[in-house]
Amino acid sequence: MDFVEKRGASQCDGVLSPSIHPEGQERQAIWAKESMERGSLDVILGVKCLNGEFVRVGPNPKFAPLAGFDGDGMIHAMRIKDGKATYVSRYVKTSRLEQEEYFGGAKFTKIGDLKGVFGLFMVLTQELRKKLKVLDATYGIGTANTALIYHHGKLMALSESDKPYVVKILEDGDLQTLGLLDYDKRLKHPFTAHPKVDPFTDEMFTFGYSHEPPYCTYRVITKDGIMLDPVPITIPESVMMHDFAITENYSIFMDLPMFFRPKEMAKNGEFIYKFDPTKNARFGILQRYEKDEKTIRWFELPNCFIFHNANAWEEGDEVILITCRLNNLDLDQVNGHQSDKLEDPGNELYEMRFNMKTGAASQKQLSVSAIDFPRINESYTGRKQRYVYCTILESTVKVTGILKMIGIIKFDLHAEPESDKEQLEVGGNVRGIYDLGPGRFCSEAVFVPKEPGVLGEEDDGYLIFFVHDENTGKSEINVIDAKTMCADPVAVVELPSRVPYGFHAFFVNEEQLGHQVER
């Protein structure tokens, strides 16, 4: 079995450029360097709201194959405190990683393996190893590589196929994995990578999807960290449900036509998730505290897929969702294998409206493509807000597992988009663009407000994000003014090692750092 696995792994190993190749070494907390040519470190270190730790997670496979969405989760972090910045990178010590470290190689199936007969072989091999107790799935088999969130004193590393992992930030900024979180054994299903924390109630709302009926389960976690009883959300068949949204009174679920199709995988040599362009997109809206799904309202809109939502809120009888909408998606093109050029992915900002009284649904395009990773001032989560910050995707790329992002764009939802626009540029509802320049690429930008809550102006704050320069091979952290989107950064912090491209980021403020709990 190992020989066949290695043969399969060799098909997708070694295809990554030096800039995308995973960073195999962890880095202990070390001083970051100031880039004097481009900004002053003192500028950000003197700003109280930026005292804390900026963290970003991503797939960083420790063992071959090196490509794919589900490499081992590695967190890259910068601690700002007492006039100094330190950088650290650490693997999330998942059960999966620790077992593979014991064996000295990859033993669990990766999502990039799940294509054709080889994919079926890999699934069956993994199941056999579980039965023979070669592999232990008791504590999950996820990678904790997708996103990060803080709730009830816990920083959590998330992947949607597993439960959360709790990661503690130490005094010097170093990171320590505390273990899997199952909420006193009440959590028995996967946990989305995109739960929502209501900033007004301190509750967390989450869900998990699976390949068994009812296919989706909704949960509420109180401000005291207690997980309430599960609420099944019944949908016709198993789909990929990457994100959802909340408003003050509702939770929004997305039944989109990215179907789990293992039979087609084995029979037709296709990827295990298949997008069906003939099916409509369905959106289920449920009162946040319902104990069952009886009152859920389902709405339909034209066919699409959605990875990430920006926010949602209520206006009269309507629920409004701001989201990044894909017209079509072939996951086989971005599963970690080198492929031909992927044309414009068509990911645009949209406003979707659902009338809870009439049952009508409508949508309006707010941008041309291609954008993703929408972020807001999270003090407005679930409430009406004005500004959305997104990353700008390369319109035509050589796909190597992760789309590259060439800049940050700011949208004003109070302004109308210019209908004659064919590319992303300032004007209409586009209030600013931060262009990184040729050969420079960023990760998701996180908004850090100058004032906590909704006390200050909504866009009065900073955007902080990682940048990698493929021209020099160096990486840095940029801080820019979120209000002005000025081309001159507030600060640039040069990092001591390359930071590979990754997924989602989070800023843990000083107050949250001081309220961390052990488990």
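Count begins at 1; order follows the chain as displayed.
Using N, Cα and C of the backbone, Cβ positions are placed for all residues, glycine too.
Per TrEMBL, the features are as follows:
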BINDING   H194, H242, H308, H504  Fe cation binding site
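Close to the recorded Fe cation site, the chain also has T146, A147, A193, D243, F307, N309: residues not among H194, H242, H308, H504 whose Cβ is within 8 Å of the site's Cβ mean position.
In this view, the densest Cβ surroundings among the binding-site residues H308, H504 belong to H504, judged by other Cβ atoms lying within 10 Å.
In the three-state DSSP classification, H308 (Fe cation binding site) falls within a strand. Sequence-distant contacts (6 or more apart, same chain, Cβ under 8 Å) of H242 (Fe cation binding site) comprise E160, T192, A193, H194, I306, F307, H308.
Cβ neighbour count for H194 (Fe cation binding site): 20 (other Cβ atoms within 10 Å of its Cβ, all protein chains included).
According to DSSP, H242 (Fe cation binding site) sits in a coil region rather than a helix or strand. According to DSSP, H194 (Fe cation binding site) is assigned to coil rather than to any helix or strand.
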